[in-house]
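K.L.:
Annotation source TrEMBL lists domain 'Flavodoxin-like' at 21-165. Annotation source TrEMBL lists FMN binding site at 27-32, 74-77, 112-121, Glu147. Taken from TrEMBL, the feature domain 'FAD-binding FR-type' covers 313-568. Under the heading FAD binding site, TrEMBL lists Arg470, Arg500, Glu501, Phe502, Ser503, Gly540, Leu541, Cys542, Ser543, Trp753. What TrEMBL lists as NADP(+) binding site is Thr585, Ser638, Arg639, Lys679, Asn680, Tyr681, Val682, Gln683. According to TrEMBL, the region 'Disordered' annotation covers 641-661. TrEMBL lists 641-650 with the feature compositional bias 'Basic and acidic residues'.
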Amino acid sequence: MTDTQDIGTAAKPALQNVRSIAVLYGSESGNAEDMALEIGEIAQRLHFQVTVDEMDGFKLTELSCFSLAIFVTSTTGNGDMPKNTTKFWKSLLRKKLRGDSLRRLKFTTFGLGDSSYQKFNWAARKLRARLLQLGASEIFPTGEADERHDDGLDSVYLPWKERLKAALMDGYPPPDGLEPIPDDVQLPPRYTLQLAPAEDTMGNSDAPSKEARLRAEEEERKFLATRTKSAVRTHIDHPRSVPEQLVVDQDRTKGTFPAFMARESPAWENLTGLRVDSLDADNLLKDYPGKYLLKEEVSVTKKPPPSDLLPIPGTFTARLSKNVRITPGDHWQDVRSLHFDVLDIDRGDFPEFGAGCTLLIYPKNFQDDVQELISLMGWEGVADKLLRWTQTATDSASFIARPKKLYIDEKNSTLRSLFTHNLDITAIPKRSFIKQLVHFTTETMEKERLLELTMPGNEQEYYDYTSRPRRTILELLRDFPGVRIPFQRAIDLFPIIRPREFSLCNGGESLKQGHENVVHFEILVALVEYKTIIRKPRQGLCSRYIKHLHTGSILKLGFKPASNLDIISDDEKAARPVLAIATGTGIAPIRALVDDRLLFRNHGSFTLFFGCRSVAADYYFAHEWEDIQGMRVYPAFSRDPVEPPAKESRNPPPTWPLASPSWNNELATLPGYDPDAGKNYVQHQIGKHADVVGDILRRKPIVVVCGNSGRMPQAVRTALLHVVVVAGLARNHADAEKWFNDTRNLIFWQETW
C-alpha cells in the first residue's frame, strides 16, 4: 500500500475550461480565508475550475481568465484592507486604469466586519466600489457579516452562501450529463503528506550522539565510584523510621533558613539559582528528603513546547528579557508584562516602531497534547519519520500548490513537529472540519452525530457543542474515538496556527537599550483563562504558551506596522492636544503614543480617560503619568466605591479658557444617554468632565480610543458626540456626527479588539 492510499473515497470535479471561479480573500485572523475555502468547495461540487488564493497572490490581469471572481475580505484597523491584500489593492488604485478596464469581470463580494467600528465593513465596501468604478459587473448581491451579532458571522454568511450556491446553479449550470457532487461524497485533498524515502530518515534517529553517550558514561562512572561513601549519609539506602524522621525534621528547623528550605523543597534552588548541594556537600545525590515520600502529586506541569525556531519570513529573533505578572495574585485576570530584546535588527526593514504597531507571537502546542493526538489517531508508527512535501495531481482542480502560511524546516519536518509548531489542535472546530470527520469513522452512531452537528438548521446545536463551551479540536476527537484521520490528510484538515497580535506598549527613547543595534520591545498581555460548562478550565493557545515562557527564551517575532502613521508624523501634529480613552490592556498603544510624543520638544497636552476595575488591581502604569509634562488622567474604577480625583502630572499643562459650563440640558439632545446612571465607566467620566473635553475638541485634537470592542467604543462615541453638542460645536445629534467625521476638526484613531 502506498503512502497516499486509504485516504477516503474522493470524487473529482469534471474539468470544463469555460466554467472557472477565482475565490480571493483578504484575511487577518483566518475567518475570511476559511469562508473562501468553503465557497471554493461549493464551486468544486458544481464542477467549476476553482482557484482559491489571497488577493496578493493574484495579479489583476489574471482576473479576465475566469468566468467569475468572488471576493471575501475582512476589515482591519480604521477601515483598512487586510495586510495580504495590499499589493492587489494598490494595483486596483492605479490612476492609469480606465473606467472599462474590468468590463469583462463578473464578481460578487462578501465582507466580514465589526459594527462597533464606525467604518463597518469598510474594506469590502471600498473594494466593491472600485471594481464597479472600473467597469466590472456585480452578478450577485454583496453580503456583510457582523461579528457583534448574537449568532456571529454565521448569521449572514450561512444564508448568503446558500443563495450564492443556488445562483451559481442557475447562472452557470453544469454541462449536460453532470450532476453536482453530493455533500456526502468526499472531495480530493488540496494537499497530501507523504513520508520521505527510507534512506532520508536514517539521520532522524532518536538515538543519542556519540558525545552524549560518552558524557553519560562518565557521569555514571563518577556516581558509582562515590556511591558507597555518600549513600550512607542519605535517606535512600538507610531510610529512617517515622519517629527518627520527626526528630531530624525538628533539628533541621533550628538550622539556618537556607539550609532548611533547601532540604524541604527544591524551590530554594529555583529561587536563588544556587545548587542545593552547596548547602550539603557530603550528600552527593543532591536530593531533598520529600522527593521520595509516597504522596500524591498535587499538580503536574506538562512539558512546554520545544524551543525550535521556524523559518518564518519577515520575522526577527528576539530574547525574552522579562515575563512578569503585574496584577495581584488574587485578581481574576493574569496580565503579563513581556519585554523583548532584539539584536542586530535591520531598521531598514522595520522603519516605523511605536504607537499603533503590533508584535506577532507564534505560539506552539504542548508536547503532551501532541502525543495524545498521535495516540488517538494511531500515528505512533509514522509520527517521527521525515516527511516529503508533494502537490496533488494538477488535473484534480486543486486550489493552490501549498499552504502559504505553513512554515517548516523541510529537511527535518515530521508529523510530530508539524503538530507542535504549525497545526492547531486547540482551535474551536469549524463545520467544515466536523463534516470531513464523517469519512474517517466506521461507527454508525458517530457518523450520525457528526452529520447532525453540520446539518442546515442545526446551527444552535453546533454552537452549543463547539463555540459555547469553547470545545477544542482535540477534545472533539476524544469524544469520537472511532475517528481515524489518515496522516496524509493532516494539513488538509487541521487549521494552521496563526500568530497572535499584541499592541506595542513602548515607543520613543524606550525602544533603545544601550547598544545602537539593540531594539527593546514591550507588550501587555491579558492571558485568556476562563471556565465554561466543560469542567476543565479554558486556556487560549497563545496565553498558555506565554505563561510558560521563561526569561531568556529565544523566539521569533513578527511585526506589523501601524495603520495610523499620520497621527504623529511632524511637529504640527505633535503639538496638537491628545484626548485618549482606554480600558484595560488598551492602555498599551496609549503608552507607546505618549513615548513617541516625548521625542518632540513642543508636544501638546495629553488627557487620558482610563477605565479599569480597581486602583489596586489593574491601574496600569499609574506611577508613570505623574512625571510626564502636560498630562492629566481621569481614572474610572468600575469596582471601587469611591471615585478618585483626576491625577495631575507634576508638570501641569498650560491653562486655557474652558468652554461653557458642562451639561446644558437644552443642548443635550442625544436620546437615552445618562452619564450618571449609577456606573463609573470611561463614558461617564467624559460626561462629568464635559467642560474639559469640550475645550480639547475645540483645538483640533487627536482622539484615540483603545480597548475592548463591543459596547465600549459605541458608548464612548455617544459621550463624545454629547460633548460636541454641549460645547456648542453642533446643535443636535445629526450635526454632531457630521462635525466629528470631518477630518478638519480632529484626527480619530480607534484600536479595539
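Note: Cβ is positioned from N, Cα and C throughout, glycine not excepted.
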K.L.:
How far is it from Ser503 (FAD binding site) to Ser27 (FMN binding site), counting Cα to Cα, in Å?
P.N.:
18
K.L.:
Pop the mean pLDDT for the domain 'Flavodoxin-like' (21-165) in here, whole number is fine.
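P.N.:
The answer is 91, the mean pLDDT of the model over that range.
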K.L.:
Should Glu501 (FAD binding site) be counted as helix, strand, or coil on the basis of DSSP?
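P.N.:
Glu501 (FAD binding site) sits in a strand per DSSP.
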K.L.:
Using Cα coordinates, what distance in whole Å links Gly77 (FMN binding site) and Lys679 (NADP(+) binding site)?
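P.N.:
Between the Cα atoms of Gly77 (FMN binding site) and Lys679 (NADP(+) binding site), the distance comes to 29 Å.
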K.L.:
Going along the chain, which residues six or more apart from Arg470 (FAD binding site) have their CB under 8 A from its CB?
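P.N.:
Listed in sequence order, they are Ile428, Thr532, Ile534, Arg538.
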K.L.:
For Phe120 (FMN binding site) and Lys679 (NADP(+) binding site), determine the Cα separation and express it in whole Å.
P.N.:
28
K.L.:
Can you check what DSSP calls Ser638 (NADP(+) binding site), collapsed to helix, strand or coil?
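P.N.:
Coil, per DSSP.
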K.L.:
Per the record, NADP(+) is bound by Thr585, Ser638, Arg639, Lys679, Asn680, Tyr681, Val682, Gln683: how many Å separate the farthest pair of Cα atoms?
P.N.:
20
K.L.:
Would you mind reading off the Cα separation of Ser638 (NADP(+) binding site) from Tyr117 (FMN binding site), to the nearest angstrom?
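P.N.:
Rounded to a whole number, the Cα-Cα distance is 24 Å.
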K.L.:
To the nearest Å, how far is the Cα of Asp114 (FMN binding site) from the Cα of Arg639 (NADP(+) binding site)?
P.N.:
28
K.L.:
Summarise the domain 'Flavodoxin-like' (21-165) as counts of helix, strand and coil residues per DSSP.
P.N.:
58 helix, 35 strand, 52 coil
